[in-house]
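The annotation coiled coil is assigned in TrEMBL to 440-467. For 9-73, the entry in TrEMBL reads domain 'DUF1899'. Taken from TrEMBL, the feature repeat 'WD' covers 82-116, 132-174, 176-217.
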């Protein structure tokens, strides 16, 4: 007699099946932060291996706070802010090639780029390295180029996408007449040769920015009327989140070779928060965080059906106001950490650590393939002339040690050479024929010297405060 055949369900093998999320202990959170209440589908938070930056409430203008990653606990109510915008800040993004440089976009129609010192400044940072003016309405999206130095993208409510060279403060490209309505999000592919955008006109567009051409587009990838999000994932595929006609949240996976039909389309739930997708190319995992949700769902994307595999959900009690996502080089490889989120509450920021359980203490090669490092692969003009390059990869075998970044210097032609300042300022003595050039240079030189003195003294005060802290800690 044949033995009875036991029917059993085959469970898909994946090293990420048991990934679990854990909030940090209470003393490792950032407390007493007045997170911005602006209604905007931005993530409100940007993190890198050195700092966490959060858009905050501020009177008379727009501001964000930058905290050294290690400075956890209660944040001093007088902690300096980055304040330079005259209206709320809507989006912030750290430069992938310099951990001390961050860009901010604002309702005041400008984009500003800031140099953040390694020490905590004594006063608010009010002087950006460069202000980029080109939008006529509020700017809600900014994103750095993944591989070219100093290339920054901004998108505004004027339906324009502008590419800037931050090193010269000049516009590289303006993508107009491509979007007929409000742009919801913009994402680069891995080497920065293509963009994916979503728009209120319900289209997903794939754009070659240098040719200023739409190379593919999909109308209504999701039938619902609420905002769609799209990102590039491995092999040039597109991952989207949106809503069905019945207002159910959906995710979709699309292949550019056949943009008509989705490779995968899954319904999730009936919540109304827009799902923000965060993608880790090294593990092919997409994490979905809904604004106002209290959970993070994660999925693995593979080459076999059903292509988008649900892994698990991290759930908590409180809803998230926004979310930051740490680049791979900021993670603790000794603890098998594969992702870290920075969840914003109303008054605090809570890091959430995603870990793969492993018994061995040795470095796990399969979890940490070489990952993009901080070195850019191209200069801005090389990229503009048509060159492409993949990110320069680094090994995380010994963990990542942040390097001392070189300062962002903006090379600008002297604008006084070719045009008078705009508007009523013309009456100033600078334009007076009696006001000599050497005198102007002298004033500028004196200002520069004074600024340097102030910065040096601020650093000295900061060092002395740190010493004082050490003394007081020692006497406790």
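Just so it is clear, glycine is given a Cβ too, placed from its N, Cα and C backbone atoms.
Remote same-chain residues near the repeat 'WD' (176-217) are listed as 41, 140-141, 143, 145-148, 151, 153, 155-157, 159-161, 163, 225, 227-232, 236, 238, 240, 254, 256, 259, 281, 383-384, 386, 388-391 (criterion: CB distance under 8 Å, separation of at least six residues from the stretch ends). Residues of the repeat 'WD' (176-217) grouped by DSSP class, helix first, strand second and coil last, total 0 helix, 22 strand, 20 coil. The DSSP breakdown of the repeat 'WD' (82-116) into helical (H, G, I), extended (E, B) and coil residues amounts to 0 helix, 22 strand, 13 coil.
Residue counts for the repeat 'WD' (132-174) under DSSP (helix as H, G, I; strand as E, B; rest coil) come to 0 helix, 25 strand, 18 coil.
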